[in-house]
Amino acid sequence: MSFHNSSSAADISEIEKTRFVDNAGLDIDKRDRELLQRQRELEDLDNTTKTNWEMIKKLTVCGVAFLNDAYDMFAINIVAMILGFVYYGDATGSAQNTVPKKWDTLIKIAVQIGCLLGQLIMGRLGDKVGRTTVYSAGLMIAIVTTIASAFSSSMVKGFNVFVVLFIWRVLLGFGIGSDYPLTATIVSEYASVHNRGKLIAAVFSCQGFGNVMAPIVGIIVTACFKSSIDTDVLNLDYVWRIIIGIGCIPGLSTLYWRLTMEDSKRFQLETAKAAAASADEEMLREKLLAKQQYAEGRGIEASSVAHTPAEPTETFTPTIRRAKTFTQYFSEWRHLKVLLGTSIAWFALDVAFYGINLNTAIVIDAIGFAGDIKNDKPSKFIIRNCLGNIIINLLGSVPGYWITVFTIERLGRIKIQLMGFAALTVLYIVLGFAYHQILDKSVAGFIVLFTCAQLFQNFGPNVTTFVIPGEVFPTRFRSTAHGISAAMGKLGAIVAQGGFMQLKDIGGKNAFIDRLLQIFALFMLIGFFVTFWIPESKGKTLEEICDESEEYY
């Protein structure tokens with residue numbers, strides 16, 4: 001029986017006409033009617049969900065979560081720059097005021113490692129324990145570890161400030177990781193079919209504000225300490241700690257609301273359905289056992305009277321609808337290819353997205369905006385680079401997010417993702433093969449092309465790879481599957497920062513950047529093709545997208 005179309009009274013009456021009892025004596029029609037009733041409740045939920053205070057509260061909590069996450073992840077660009085002045089101001093040559101590559105990589109990759117683990121573990125717990133319970137736990141982990149990160153310092157020999165900061169930021173990433181599958185799942189299950197994509201995209205797009213907030217805070221805090229920094233550069237030690245510590249404020253401001261959130265009606269119905277299915281199966285076992293014992297007793301009695309062997313007892317094979325396990329569901333190619341599509345697309349995107357956005361100083365330096373790290377005053381150099389970060393984000397990234405928000409329900413998820421991957425493939429090919437020529441002839445031209453790339457990252461796969469996994473999987477696996485997809489994205493970020501970006505100085509400082517852009521183009525092409533494995537979810541209920549009957553066998 002298919003459950004993805006609207007059920008009417010005729011459906012119920014038709015079932016009642018064909019009532020039958022299975023071999024174990026259980027009324028199957030009653031169970032079917034309950035499932036149909038559940039489907040009707042979900043459709044009513046999709047049709048009647050309107051903007052109200054509860055919805056505003058949930059969207060605020062989820063939006064602030066992504067603003068906070070982006071701030072925590074990308075503030076490290078500014079912090080790494082400041083750490084160079086604090087700990088390597090006495091170095092000589094090109095090493096002066098610059099964090100060595102191994103430590104720079106370590107502190108930038110830390111959150112990505114933690115996120116990967118958090119997305120997998122907390123995503124699974126979101127399906128098993130409950131969305132909001134795990135969601136609240138993730139925030140509390142993030143708050144505690146953010147504060148701890150701000151107090152990082154050298155402890156013992158071999159455990160310098162970078163190692164301690166790495167450890168705390170891995171744990172911070174674990175807390176942040178829970179936000180990806182659970183935010184998408186909570187908003188997806190709460191929103192109506194007509195605005196679901198827009199709301200999920202809007203929540204995720206708050207990440208853009210977090211990207212801008214980090215350099216703004218960097219400018220403000222540096223300006224507050226400007227005179228003391230110019231007198232003694234070691235006063236920057238206060239600056240980077242304050243920048244990191246401020247990252248706990250958005251989370252604290254919404255902690256109460258997150259703790260008091262309730263799971264969606266859809267998830268509550270799914271939980272009740274699973275419990276009912278388990279009870280049905282247990283009742284069938286009990287009835288089957290009782291009938292077998294009764295039949296065996298009758299056989300023994302007949303044998304003692306007639307002195308003849310008892311006839312074989314009847315074997316009871318009750319019809320029972322069992323929910324598929326995660327492994328059973330995704331062992332079928334039509335379901336597995338969707339999970340592979342969302343995972344590989346996210347992986348491909350994040351290789352380029354984090355390869356560039358965790359290293360914006362390279363771009364700022366390439367366009368001549370960075371200044372002179374040796375001769376400029378530290379406060380001037382830091383403020384100038386923070387301004388460069390703001391400009392880069394405002395030119396392409398932030399507009400791209402919100403263009404997606406306002407077009408996703410009209411264009412659809414798949415069309416935006418395909419368009420974004422295609423545009424990025426072309427732009428990275430142009431930037432990669434003509435990198436030095438463009439910079440030599442026209443810095444303005446390079447800025448235009450780079451801005452277009454930033455625009456199509458967000459008016460494209462950076463948003464849709466987050467939205468789609470929150471819609472295309474069944475409720476019972478939604479958080480887990482989204483977590484797997486997101487974790488693959490973070491694996492891409494780790495590959496980019498820990499692998500490809502280590503090659504950037506082959507042949508000289510930043511001399512290999514053009515080749516890296518060519519590699520990024522290849523990954524965009526891969527993302528384009530795997531997108532065809534993913535179904536379009538625009539205008540469909542969550543049950544229609546997944547076909548609820550496919551969850552059973």
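Each Cβ is built from the backbone N, Cα and C atoms, and glycine gets one as well.
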TrEMBL annotation (transmembrane segment) - matching range among 158-178, 347-367: 158-178
Positions whose Cβ lies under 8 angstroms from the transmembrane segment (134-152), at least six residues beyond its ends: 65, 68-69, 72, 118, 122, 125-126, 161, 164-165, 168-169, 171-172, 174-179, 182-183, 186, 241-242, 244-245, 247-248, 251-252, 254-255, 258-259, 261
For the transmembrane segment (512-534), sequence-distant contacts whose Cβ falls under 8 Å of one of its Cβ atoms, 6 or more beyond its ends: 337-338, 340-342, 344-345, 348-349, 351-352, 355-356, 362, 366, 413-414, 417-418, 421-422, 424-425, 428-429, 431-433, 435-436, 461, 468, 472, 492, 500-501, 503-506
Range from 59-85, 199-223, 238-257 with the greatest count of C-beta pairs under 8 A to the transmembrane segment (386-408): 199-223
